[in-house]
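Single-structure report; data block below.
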């Protein structure tokens, strides 16, 4: 029992289970906006299961595929695989099982979700390779996370609506933006190892500028979603709050001082996801 508890604890640390808050609220956004009301318990539970499985698979494959790089990077050498608290094989098994759960949940939602599930599988298991080939890897991660709101939407409305595409684009460009910030702390290591990232290819200052552009685009896309769906005023309050949090996030970071990246990356971004979801729910309630 002690061994099982230890394995579960290390697995939770390995996949950073607490960071599911980044993507889960956006899957719920897609779910609720597509339905314009409470979608029912079955789709809500299935979307939750699919999202947790997807997040677990993505992190497991990332940790498995990057284990040799992580072992050589002082910042990541304490992660469970290089630290020896989890075996690479067990992490790979967790990732594969999570993919099976994701596909089953997608199939239980509707035929379109099942049909599209291979796209999610490929994105989740393959995005970690992008850093080996292109500095556009940040946008590959953004595309992977953009599947969350699209999947939530398609769970109850199996049609590619313009609002769904804009919402997915907003999430994708948001994720790409804060990954650009996060990648700044590994510039020297990435250059040494021949890994590709925008800050390693150009500069930290350029990366932070592109991140700002991404986040301006995110807010613009969210406003377009609100207009297309005729959402009521609380939604726009939520978007304004998210914009304020993004301004605060960028104020914490500059090319000469990256010491507050963890606050910007983990704390602020989790608040953004939660704020947008809560204000969107309020908007749907007020609108009805």
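Even glycines carry a Cβ here, placed using N, Cα and C.
All TrEMBL annotations are machine predictions without curation.
Source: prediction; values computed, not measured.
Here is what TrEMBL says about this protein:
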- 21-38: transmembrane segment (TRANSMEM)
- 44-65: transmembrane segment (TRANSMEM)
- 86-106: transmembrane segment (TRANSMEM)
- 136-156: transmembrane segment (TRANSMEM)
- 162-183: transmembrane segment (TRANSMEM)
- 204-229: transmembrane segment (TRANSMEM)
- 235-253: transmembrane segment (TRANSMEM)
- 265-286: transmembrane segment (TRANSMEM)
Cβ-Cβ under 8 Å with the transmembrane segment (86-106): same-chain residues at least 6 beyond its ends: 7, 10-11, 14-15, 46-47, 49-50, 53-54, 56-57, 60-61, 63-64, 67, 80, 113-114, 116-117, 120-121, 124-125, 151
In contact by Cβ distance (the transmembrane segment (265-286), the transmembrane segment (21-38); 3 or more pairs under 8 Å): yes
For the transmembrane segment (265-286), distant same-chain residues with Cβ under 8 A (at least six beyond the ends): 19, 21-26, 28-29, 32-33, 36-37, 174, 178, 181-182, 222, 231-235, 237-239, 241-242, 245-246, 248-249, 252
Beyond the flanks of the transmembrane segment (162-183) by 6 or more, those residues with Cβ under 8 Å of it: 22-23, 26, 29-30, 33-34, 138-139, 141-143, 145-150, 153-154, 190, 197-200, 207-208, 210-215, 217-218, 221-222, 224-225, 228-229, 249, 253, 261, 264-265, 269, 272
